[in-house]
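**Q** Okay, so TrEMBL annotates it like this:
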- A:12-37: transmembrane segment (TRANSMEM)
- A:57-81: transmembrane segment (TRANSMEM)
- A:88-110: transmembrane segment (TRANSMEM)
- A:233-255: transmembrane segment (TRANSMEM)
Amino acid sequence: MARSDDAIRILQGLLVFGNVVIGMCGIALTAECIFFVSNPHGLYPLLEATGNDDIYAAAWIGIFVGFALLALSILGIVAVIKSNRTLLLVYIILMLITYAFEMASCITAATQRDFLTPNLFLKQMLERYNKSEAVNNNDKRMTEGVTKTWDKLMLQNQCCGVQGPTDWQEYTSVFRTTHSDADYPWPRNCCVMNAQGSPINLDGCKLGVPGYYNSNGCYDAISGPMNTHAWGVAWFGFAILCWTFFVLLGTMFYWSRVEY
Amino acid sequence: HPHSRPRHSGARTMLPLLLLLLATAHGLDKLPTLEAPVLASSSLGGQTTASTFVLEQPRCVFKNVQEDTVIWLVVADPRAVPNFTNSVEPGGPGREFQQFLNSSLAYMTLNTTILNYPCPKNPGDITVLRVGSETGCATDKARPTCNGPLPGPGPYQVKFLALNGSKPVAQTAWSKPITLRTAQPSGSIPVPGSGHSAGMIALTSILSILFAILLAGLVAMLIWGSDASSGSSTFSKPEAVTVRRYNTHHVYDQPAARL
């Protein structure tokens, strides 16, 4: 039965190769998700205040799934080479569990990304930025987080508001209750600053002279990193799962051909 | 006899009547009315806010006035425009900023000498006046000519008035009504419920189908795969099979057979 043996050898080789790829993808997934969880753009407080920070949960799951994929791929390689039925069965079942977790992570990341619209951030900014009275400690913490994040965003990205400085004029806000419209048509960080951190021309900023205030909105600076985060977790996970699907099918077929 | 054109008898009464009509038309002021103030260019982000607005300075508008003339800005509710008199002094009764829209329907502010509006203006300079920028004196009754923030969205009409001492010497026409911005409540911003993008739906459905296939495969494998060991297409495990060499021991058997 040399021909059948050759076919089985080829299948073994393919399965080992498949598991090597899964292992490497597992390491990549872990690294990517650690990067996202470390909050490199400082946008986590905005998400936390929306009450919907599930893309971070998805990234956390991704870290552990990546480790699991690495460990299981090594188990898979050993099981295929030894052709041990028990090991192969353990491998298949554990891989299916990991598959289910990774599926949850991908779907969560994709669904939550759809939830993060410009209006959501606009409403949050107007209702929380520079809010002076807090309901409770949790509310206070989230308000401080939102205020600090927006101040940093506007300063570093030279932008103002979500769609532009007119956001502060078109809508009422908590900021407006403590800062009069004549003194602060928009927050101070919307002014172009010099190296020392003060506006280069405060009157020009209040008048809205182009060049002395930031006239573009910050939404691009928010949605860019969030899109990368969500799509990175969702679609890379999707690619890994597609590959794993074929490897698992092959392993199931291989298991059914191994005799005790 | 003196050269005089023959006059119609009715012409004698026409001229005084005409003069009377002209006098009532100009409100008895008889001041030259120059071009009206305009809002600053809309490229300024703060052209109108909720309580301030920005006007172009009246450069090259007041010609032929003396150097010590003071130019005032009059801000008025449109109801006060038809009966407005220039003779009330700035900050006087009926002209206090702090009582604007209560007992005063107009006020005067932003006074400056004509020397601060040189003509012609340097091209590229931004020459504007921000009405409503002084918040410090908004409630200070001692400053009735305060340039304080406007109390509501308006509309308002403005004009410039040139005073020499307390005598009006020139004025501009009233501007078109200026309406300020009204802010909508932030609670009215619609935050739509989850609208699912096509990508997310594709991802979810494909992954679900793949997972279902895997589970079905697992069940099939457990039910039918277990008895495949008796099938003909299985292969032996590549165990370490050692072939033991059997000595036939012919040499030892033969003496036993001869005995």
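Count begins at 1; order follows the chain as displayed.
Using the three backbone atoms N, Cα and C, a Cβ is placed for every residue, glycine included.
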**Q** Can you name the far-off residues of the same chain, 6+ from the ends of the transmembrane segment (A:233-255), with a Cβ under 8 Å from a Cβ of it?
**A** 8, 11-12, 14-15, 18-19, 21-22, 25-26, 28-29, 32-33, 36, 55, 58-59, 62, 65, 69, 76, 80, 85, 88-89, 91-92, 95-96, 99, 102-103, 105-107, 109-110, 113
**Q** Which bits of the chain, at least 6 residues beyond where the transmembrane segment (A:88-110) starts or stops, bring a Cβ under 8 A of a Cβ in it?
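**A** Same-chain contacts beyond the flanks: 54-55, 57-59, 61-62, 64-65, 68-69, 72, 75-76, 79-80, 229-231, 233-235, 237-238, 240-241, 244, 248, 251-252, 254-255, 258.
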**Q** Give residue numbers and ranges for long-range contacts of the transmembrane segment (A:12-37): same chain, 6 or more residues beyond its ends, CB-CB under 8 A.
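**A** Residues packing against the transmembrane segment (A:12-37) from afar: 56, 59-60, 62-63, 65-70, 72-74, 76-77, 80-81, 83, 229, 232-233, 236-237, 239-240, 243-244, 246-247, 250-251, 254.
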